[in-house]
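Each remark here refers to the structure printed beneath this line.
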Amino acid sequence: MVEAEVGKKVKKNENTGRLKWGFVIGAFLVVLAASAMNSPHSHKISTFLNNHKICSCSQGSHKYSGIIEDCCCDYETVDNINGAVLNPLLQKLVTTPFFRYFKVKLWCDCPFWPDDGMCRLRDCSVCECPDNEFPESFKKPSYRSLSSDHLVCQEGKPQGTVDRTLDSKVFKGWVEIDNPWTSDDETDNGEMTYVNLLLNPERYTGYTGPSARRIWEAIYSENCPKYRSGEICQEKKVLYKLISGLHSSISIHIAADYLLDEKTNMWGENLELMYNRILRYPDRVRNLYFTFLFVLRAVTKASDYLEQAEYDSGNHAEDVKAQSLMHQLLNNPKLQAACPLPFDEAKLWQGQNGPELKQQIQNQFRNISALMDCVGCEKCRLWGKLQVLGLGTALNILFSVNNENDPAQRLQLHRNEVIALVNLLNRLSESIKVVHERGPLVERLMKHLPSESSVQQMSVWKRLWELTLGRLNKLR
């Protein structure tokens, strides 16, 4: 009889225990479901890292090693020389008056889809509008900034607008020459806009969706299709890898300077975006390194020209500084010893159909250049045009100048090309630095955290779990 009573009590306790744990598990599953349904898609890891200042000690990534494909330098050397020499010099150089001002035609005149809604940007103040709507400061070079109230055409994204504040003593004295690799007419006329690049950093602008995707789809599918595995045509591989590397760099800068919280205007690194767009794809990282070395080779090949150029912005002290920094960049013994020939362009265009293939690829790149007029965000268009011009300048230096003794083949660059080339090299250098310093940390984080979770969510779950356990204790 006693044993029977004890058995009933034990069974009752077991049932009660099951009910209690059933309550716990059920409650926790509800918490998980609610948490998943209310989870925003991005920025959580980035917000946590930015708030807690986690150290990302520059350990570098051992994931990429050996010689960079189709180049003459290895990953370790590039990371070391970029961090110690190139990036510090370039960061200083692009802040000088000569290199921080860029002239560009920002008006939308898309030659590929003229009926597209984005090309209604002509109705905006930065585009060609009737005289009574067209800002007087755009009719001729002037130096007032445009009110942000006039920039409603940037898809409602004020961060996509261009600040036109400018020093009046820039852009004088250089001869304008059209680049055969790009479509823009560089003639100084009323359609050109003058901008201070330091006031318009390359960063997140909110330009996403079908319009942005169509630009990249047109670039890749129509002008620079990915080469097939085992592709033996080196020249076709080069164009694809250059565009892919540039695309990677742009994505890194967007993720590295991202609007994490629009309500509080909090900016920081979106590490999830950086991982999902670039770091999880090794070929995109490799193409970034390739593009960096390609542009670096163009700069070193044009060293005599760049040494003799007049960096005159009207500010003598700053111009002397620019000349000195350029000299240090072109004649740095560490760079010359570590990577004397970043890329060997002499290997290209050697076949019987070399000239024909060169013309084909040149036409494809010109189409890519023209596509920049279809970009529906003013600031994106600015940096797209600048970097495509910089890449076109590199192509011109490496592939259109064969004999310095022949006057017809002698290198000639106009001022805007030099500005674009140096700023592009700096953008690529910054991207290499970010990948080297932040890449390993980001990859470790993403491997240990589900893509839709965050440290903040984990803390919420922990608190709710503790609350549930507290309720369970009260039932005992």
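Cβ atoms here come from the backbone N, Cα and C positions, even for glycine.
Keep in mind that TrEMBL annotations are predicted by a computer and have not been checked by a curator.
These features come from TrEMBL:
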| type | residues | note |
| --- | --- | --- |
| TRANSMEM | 21-37 | transmembrane segment |
| DISULFID | Cys119-Cys124 | disulfide bond |
| BINDING | Arg203, Thr205, Trp216, Ser244, His247, Arg277 | FAD binding site |
| ACT_SITE | Cys377 | active site, nucleophile |
| DISULFID | Cys377-Cys380 | disulfide bond |
| ACT_SITE | Cys380 | active site |
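Sequence features annotated in TrEMBL and their locations in the structure.
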residue: Trp216; record: FAD binding site; contacts (Cβ under 8 Å, 6+ apart): His247
residue: Ser244; record: FAD binding site; contacts (Cβ under 8 Å, 6+ apart): Asp283, Arg284, Asn287, Thr291
residue: Arg277; record: FAD binding site; contacts (Cβ under 8 Å, 6+ apart): Ser251, Ala255, Arg284
As a whole number of Å, the Cα atom of Cys380 (disulfide bond) is distant from the Cα atom of Thr205 (FAD binding site) by 8
Expressed in angstrom and rounded to a whole number, the FAD site built from Arg203, Thr205, Trp216, Ser244, His247, Arg277 spans a maximum Cα-Cα distance of 21
Out of the recorded positions His247, Cys377, the residue with the smallest number of other Cβ atoms within 10 Å is His247
Around the Cβ of Cys380 (disulfide bond), other Cβ atoms within 10 Å, all chains included, total 23
Expressed in Å to no decimal places, the gap between the Cα atoms of Arg203 (FAD binding site) and Cys377 (active site, nucleophile) is 12
CB neighbours within 10 A of Thr205 (FAD binding site), counting all protein chains shown, number 21
Excluding its own, the Cβ atoms lying within 10 Å of the Cβ of Arg203 (FAD binding site) add up to 17
